[in-house]
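A.B. asks: The structure follows.
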Amino acid sequence: MPTTIQTEKTKCYHCGENCENDALKVGDKVFCCQGCKLVYEVLSENDMCTYYDLGAHPGESQKEKSGRSNRFDYLKDPDTARKLLDFQNDTESHVTFYIPLIHCASCIWLLENLYQIHPGITFSRVDFIKKKVQIKFQHQKISLQEVVSLLSTIGYEPKISLSNLDKKAKNNTVDKRTVKRLAVAGFCFGNMMLFSVPEYFSEVELIAENFRGLFNYLNVLLAIPVVTYAASDYYISAWNSVKQRRINMDVPIVLGIISLFVYSLWEIFAHGNAGYMDSLGGLLFFLLLGKIYQQKTFSALEFDRDYKSYFPIAVTKLVQNQEEVIPLTKLEVGDVILVRDEELIPADSLLLSDSAQIDYSFVTGEEVPVPKRKGELIYAGGRQKGDPILLTIQKSPSQGYLTDLWNNESFEKPKDKLLEPLSNKISGIFTWTVLSIAFAAFLFWAPTDFSFAIKALASVLIVACPCALAMSTPFTLGNTLRIFGRGKFYLKNASVVERLALVDTVVFDKTGTLTDPARAQISFFGEELSEETKAILKAMVSRSTHPLSNRINGWLGNIPSKKLDSIHEEKGLGIRATYLEQEIRLGSAAFCEIENPVHLHEGNVVYLSISGVELGYFHILSGLREKAPEVVGALEPVYDLHLLSGDHSHELNSLKQNLGKGIHYHFQQSPLEKLNYLKELNQEGKRTLMIGDGLNDAGALQESEVGIAVSDRVSHFSPASDAILDASSFDKIPSYLSFAKKSRNIIKASFALSFLYNVIGISLAVQGILSPVICAILMPLSSISVVVFTTLSTNALAWKMGLIHSKTEN
Amino acid sequence: MEVIFLLIGVSLVLAGSFLFLFFKAVKSGQFEDDYTPSVRILFDNHKKPNKNQPIKPKSNE
């Protein structure tokens, strides 16, 4: 029998996937499935085929979409709808959806031309980076449910989760108010510099004397918004920390601002001299610039996701054998729900159907489904694979086995408070030193010349104003954050860098973090497989989406497949095929009717039988992530390493072989035990770094001082954490950790640099011989040199360590 | 030299109006999405005229 291989040419016009035998045709265009064809038809009906001109195969495959029509019925519930809408008046409603499928220019075009498909939609606008679309529609003409159905029909189903229903959290982009403050400070600073030019050339008599007075008064006028508006955040922060009897970086800054302003006012109005208003403006301008630099976050990523972001918004409840779609919030204990293929189980519940295949990859990282029997308890967070199942709810969605984690106290305390930043420690010492020097100078001069003593006091306060000190931290950390971001390591905020630098204990999760589901170790035990059998197997597994099929498919490699007479997959059990009147089965022991199944402790077993005769079995073990041994090896000399796994301890030996004996291994850890383990380490005074991936690590990630979530799809899935690491950068963990340490050293070095400036300035100031010119030169010079020093040295370091390759990037 | 008084006034008014415009731009959200507009501008508008022209984005945040 000839083997038929589909030629490369028959690619789906919509999504670009290879079309199987049952390709659908419309005119000269080929589609891989009904879904893709439907999208094309909707678009061509509305004369919107420009979509396909903008990019080849712009669509996403529609194969695995479940086309249930009542899926969005929960949106008819006015309560739910109101919570989703941004705005509503008599005629118009505004709503913003998160659509993860947005990926190319065609998507933007199509989503922004929705008004051509339905006249009820008046406006839609895409934010590509955040993958969001804002839609305005006239709700008399089209309901919210219809809008969502329309998006779903054209292949852009919005992701609506429970967290959308909560009070909308403000996105963590750079604060708009800080930007405005920076603008004001910049405006005033620029103008003040212009008006101060004559002062810098006071000996030259550049312009007539009478302008001087005017310029000074204009400077006072311009300084008022700087002091009252642009600096207001610093007053609040300084006041808060003083109230708590601590001194943070903002205290000396506020002291500096006040002394600069008051002393300058006194100079200008009492003596007619120029003050230091321009320095004041410059100080605030650079400070705010550094603040924005530090605030720059990865706003497209979400760091605070909890279980609510993953759970569905609605469930199908059975009431007297009638399906009813209700919002999850209205689900009660004892309700009977129907969960279909690929749907998430929203609450801990008992299985009423005979069997189920639950994929816990969200929870544990292991994507091979677990079989469950009637009457077993199924934890929330699993995903059903296969036929619809009936469940009865045991616990409300917010109180399940997994979601209990979120009620743990670890989720209450803000982490930023755990560790005092380096700059705060230094600023405490700094402030007291400066204050005592200032008063010593005052007391020294007071008996001889009282007004000179005042001048010395003010000069010390002014010149010691910690401009450079205050700028070194934000600029160093901001730049470090940016360098990490380029290497696909995204930190929640700049303070994570400092915490990362102090870590001494690293805790790994095993499944999904150290192991990679895609790198399975497969071996076949039994009779040797002939080329013909392999070709048959290839045809069988390439039709299935089961993860074990995918792995066997990868193991078979790129070989041609046989054309089989029939292929039938029984979800969760196996694949049955007929070829030359022989029945070939691939699947579980029961499915293949194996009498004496092997009992292996680790991994998964897939049997192969032909006409009821066992040929052998595949043994599939999850493999270690590429470079995982190297990462562990590099970390071992420096850090105390621990490994937590939810699995049984049977893999201990092979892990020890690959990762070495220097790690503390702990198996069969429940999510709560993981959290408690981290808590114990913390209580021992360790500074912990947790690296995990699934929702079951969420507690541990939260409890640790720094929690890094490893994810293959950064924007799709990651539990709440301090940092998200793209799985492709996993091997760079050791360099990232040492870079964080070194950036802390850079902060220290720049502190030393600014101390040097201060020593020079203060030694002049205590003698009362500080002239405005020296002051005007010293202050901007110290600030700018510190900014340049930190930026250049972090970049140079990153370049040396191979974290960035070219400086023109980004 | 008296003209300098006038020039100072003019320069302050000018700079102030720039500040005002910047405030307006921040408020209208121009700096929130700095990628999508670069794609959007390349779309050709060769579609049939539609009675439902898209409404201009308004700032209603």
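The backbone N, Cα and C atoms fix where each Cβ goes, glycine too.
So TrEMBL says this about it:
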| type | residues | note |
| --- | --- | --- |
| DOMAIN | A:93-159 | domain 'HMA' |
| TRANSMEM | A:178-197 | transmembrane segment |
| TRANSMEM | A:217-237 | transmembrane segment |
| TRANSMEM | A:249-269 | transmembrane segment |
| TRANSMEM | A:275-293 | transmembrane segment |
| TRANSMEM | A:426-446 | transmembrane segment |
| TRANSMEM | A:452-477 | transmembrane segment |
| TRANSMEM | A:751-770 | transmembrane segment |
| TRANSMEM | A:776-798 | transmembrane segment |
A.B. asks: Counting Cβ pairs under 8 Å that sit 6 or more residues apart, are there three or more between the transmembrane segment (A:178-197) and the transmembrane segment (A:275-293)?
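C.D. replies: These two segments touch.
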A.B. asks: What same-chain residues lie close to the transmembrane segment (A:249-269): Cβ under 8 Å, and 6 or more beyond its ends?
C.D. replies: 216-217, 219-220, 223, 227, 231, 234-235, 237-238, 241-242, 275-277, 279-280, 283-284, 287, 421, 423-424, 427, 430-431, 434-435, 458, 461-462, 464-467, 469-470, 473
A.B. asks: May I ask which of the stretches A:275-293, A:452-477, A:776-798 has the most CB pairs under 8 A with the transmembrane segment (A:217-237)?
C.D. replies: A:275-293
A.B. asks: Reported in the order helix, strand, coil, what are the DSSP residue counts of the domain 'HMA' (A:93-159)?
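C.D. replies: Summed over the domain 'HMA' (A:93-159), the classes give 22 helix, 20 strand, 25 coil.
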A.B. asks: Determine the mean pLDDT over the domain 'HMA' (A:93-159), rounding to the nearest whole number.
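C.D. replies: On average, pLDDT over the domain 'HMA' (A:93-159) sits at 85.
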A.B. asks: For the transmembrane segment (A:275-293), what are the same-chain contacts with Cβ under 8 Å, counting residues 6+ beyond its ends?
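C.D. replies: Here the qualifying positions are 174, 178-179, 181-182, 185-186, 188-189, 192-193, 195-196, 216, 219-220, 222-223, 226-227, 230-231, 234, 253, 256-257, 260-261, 263-265, 267-268, 462, 465, 467, 470-471, 473-475, 478-479, 772, 775-776, 779-780, 783-784, 787.
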A.B. asks: Using Cβ atoms and a strict cutoff of less than 8 Å, what residues sit near the transmembrane segment (A:751-770) while being 6 or more residues removed from its termini?
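C.D. replies: The answer is 426, 434, 437, 440-441, 444-445, 452, 455-456, 459-460, 462-464, 466-469, 472, 778, 781-782, 785-786, 789.
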